[in-house]
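As given in TrEMBL:
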BINDING   138, 140, 174, 198, 401  Mn(2+) binding site
DOMAIN    222-316  domain 'Peptidase M20 dimerisation'
SIGNAL    1-23  signal peptide
């Protein structure tokens with residue numbers, strides 16, 4: 001049965017059904033604090049844990065870059081088929097969206113990214129990458145495994161869910177804005193809220209870290225071609241030197257933060273690319289520079305973008321050069337600021353406190369990193385948090401984007417249980433807040 005058939009039948013069925021799906025009390029509000037504990041026990045069972053580990057290792061051995069996750073997507077769909085979970089495919093080339101529950105509101109989403117990085121793995125182990133130059137160095141293989149683990153737990157309780165959990169398996173998080181394309185393709189249709197997890201070597205196993213409000217910066221990329229007039233380095237008076245112009249531009253760009261931005265309003269401009277010339281004694285015709293810019297508010301981000309373009313073009317002109325600035329938003333869309341919803345933060349603290357203990361909920365300081373989960377949280381309430389996996393007894397765990405990156409697979413049950421518990425708690429709390437009846441005061445305003 002495909003998704004559309006499932007959804008149609010579900011709505012017809014529930015149109016005639018006014019009683020709860022099941023009289024089973026295991027997901028009732030009275031036992032809210034026990035639900036996460038029970039889900040963690042399920043996730044730690046050898047059946048579920050070993051299954052998640054196996055999935056994670058298969059994906060790790062066969063890493064795929066953004067919008068190329070065809071085999072990863074195929075594996076996900078096979079597992080969903082095995083669990084009889086309906087889904088939509090494809091969204092954003094390789095994305096998959098699954099559905100568990102009634103097919104009726106409330107709808108809550110839990111998300112995992114699927115893509116790997118273009119780098120060579122340096123960790124030597126039985127399940128290292130089999131694809132030269134590609135590696136899961138940011139934990140997305142673990143994210144997929146944990147979301148499938150949550151799906152298995154939730155599917156076993158599907159008859160008790162009084163709402164719908166939406167499973168979002170997203171491509172191309174690494175700089176390509178896969179979340180935006182998932183949104184454009186309708187991945188969050190009818191969805192009221194969304195949660196996302198990222199594994200982290202910065203926090204101990206059995207802990208989580210997050211906060212309410214802005215947590216990750218908005219980010220974008222720029223590239224500029226500075227054109228002059230090339231010639232022999234011994235007679236610079238006959239040239240217009242684009243290297244000198246680019247050097248002035250780079251220094252001036254640093255003043256945007258140090259002299260124009262409020263010191264209490266975090267911003268970054270970094271030039272990480274400089275290409276020009278190929279000989280010691282030749283001044284080139286042109287130079288290409290590129291970089292990234294970050295800010296913690298939409299207003300600051302827009303101002304920074306405008307000033308980057310002005311500084312590059314006008315400084316080039318001062319040096320008798322021409323400059324073309326390219327932001328290339330189609331290929332690399334600007335990421336919004338990642339903002340955690342206040343109400344979802346309160347729900348997260350309840351769930352994480354039940355499952356881990358309140359002492360294991362850590363405060364995460366905002367950073368200038370960017371994450372395309374922000375596209376989701378920009379249109380509906382969203383919540384993004386870090387899942388600790390550091391364990392000193394197992395050696396050093398490197399941070400993401402390192403060729404020595406490792407995943408502590410002991411963290412997988414925590415991620416699966418948190419995903420499942422957050423979605424369940426959200427649905428149950430929504431149920432306890434009935435809509436005002438027709439003709440009420442609110443309805444007449």
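Note that Cβ sites are derived from N, Cα and C of the backbone, with glycine treated the same way.
Caution: TrEMBL annotation is automatic and unverified by curators.
Keep in mind that this is a model prediction, so the values were computed, not measured.
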Which of 140, 198, 401 (the binding-site residues) has the most other Cβ atoms within 10 Å?
140
What same-chain residues, at least 6 away in sequence, bring their CB to under 8 Å of the CB of residue 138 (Mn(2+) binding site)?
116, 117, 174, 400, 401, 405
Setting 138, 140, 174, 198, 401 aside, what same-chain residues sit with their Cβ within 8 Å of the center of the Cβ atoms that define the Mn(2+) site, listed in sequence order?
113, 115, 117, 136, 137, 139, 173, 400
For the domain 'Peptidase M20 dimerisation' (222-316), DSSP counts of helix, strand and coil?
41 helix, 31 strand, 23 coil
